[in-house]
Amino acid sequence: MSARREGLIVLIASFAGHAGNYLFYLIAARMVSPGEFAAISAMISFGTIVQMPVNGIQVATARDVAVLRASGTPGELSGYLRRLGRRMGVVSLGIAIALSGLSPLLADRLNIGAAQPLVFAALWMAWTALLLVVTGVAQGAERFRYVAFALAGPLGALRPLLLPVFVLIAGMSGSMLAMLAAAVVGLAVMLPPVVRDMKVPPTTPPAMPSTVVTMIGLLAFSSLTNVDLLVAQATLPEIERAHYAGAVLLGKVALFAPSALAMVLLPRAAAALERGERADGLVLKTMGLTAVSGLAVALGLWLVPTSLLTATFGPAYGASKPLLAPLALVMTAAAVLWVHLMFAIAKKSKLMIAGLVGTALAHWALLWFLHDSAWHIILASGIAIGAALVAIEVGSSDGVVRMALTHRRSTRETATV
């Protein structure tokens, strides 16, 4: 299957998954109070930050599996997957125990109101950690139909299907139980191909780049794109928290939906670099499609009538409308930054990771001063993300302009030969 078709399948699945998550929030907004809706949004945002180091493991796994398939043996892949399985069992158990123990403190700091929803959230995060890493194996093995299933199903459309029953049974805690159940179903579907790879008699896999570096990079990116909601939840008045949560629900589609294109880029780029080939053209195409998709989302949100927003979420959420397009533009820039990060991970580069950590720290500093309103929070995010993109263009050989010139020159040389 061509890279273009694979990218299209994953992109469609990503948008389907986000439509499912949109429906999840829609149902939640209708079934709980605005304050409880803001609390659910905060728990999911917190979970996203907690899971981003696991996303680092997922990304590193995708890169390593792609490299082993390009230059290793089935036995080395089996040995790698068995070791990964043992480690992820420990990580998932640690997430469940640690966050359950911290649930009373987190409930107080995030204005959740009770510890029980956070205990269920801890279990959801633990099971989802396993699902994400198994998805990374499918990604590295270029089983993109499985990747598409994960994005569209357990990480998307399956959640709203389960939500109403669980909310009726357990109230606000039911939102986390629905997420947990979806993750369990997803893992049951995604595991069999991985188990088949693990049945091959294992041999010792070659040394791989540090997963910790990748985890740090993705944790920094997660902070950059999710801490805004936590700051809003902790500092804004209750009604403004709900408005910002509504804006985030739609505005961040410009980041999370097109960023799925990088899931195809990473294993393809890693395998190409392992063979000694260039990947500039693939990176530029991914970046262009990502930017166009994000801008299309921003335009759609700018054009959407306020009446549709209030009809969807209720009259209390009409004030979110002015925030949608600006937030989507900031998140489009973040999606482009995400492509840069995925290419840096494929190249095993540490410089981009260090720069992203600095950007995340600068973002925290900006939010220390800019948190009095939703507009200030969006401005702080825009400054931090925009500065990171400018720094890449000015100081890196992986800037868009430099990559385009290099790709054009190499294409001409190839044509001449």
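In case you wondered, yes, glycine gets a Cβ from its N, Cα and C as well.
For reference, TrEMBL has these:
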- 7-25: transmembrane segment (TRANSMEM)
- 37-54: transmembrane segment (TRANSMEM)
- 88-107: transmembrane segment (TRANSMEM)
- 113-134: transmembrane segment (TRANSMEM)
- 146-170: transmembrane segment (TRANSMEM)
- 176-195: transmembrane segment (TRANSMEM)
- 207-224: transmembrane segment (TRANSMEM)
- 244-270: transmembrane segment (TRANSMEM)
- 282-303: transmembrane segment (TRANSMEM)
- 323-344: transmembrane segment (TRANSMEM)
- 351-369: transmembrane segment (TRANSMEM)
- 375-395: transmembrane segment (TRANSMEM)
Within-chain partners of the transmembrane segment (375-395) [C-beta distance under 8 Å, separation at least 6 from its ends]: 224-225, 228, 231-232, 244, 323, 326-327, 329-330, 333-334, 336-337, 340, 352, 355-356, 359-360, 362-363, 366-367, 369, 401
How about the transmembrane segment (176-195) and the transmembrane segment (146-170): at least 3 CB pairs under 8 Å, pairs 6 or more apart in sequence, or not? yes
For the transmembrane segment (7-25), find every same-chain residue at least 6 residues outside the stretch whose CB is under 8 Å from a CB in it, and list them. 37, 40-41, 144-145, 147-149, 151-153, 155-160, 163, 175, 178, 249-250, 253, 256-261, 263-264, 286, 289, 293
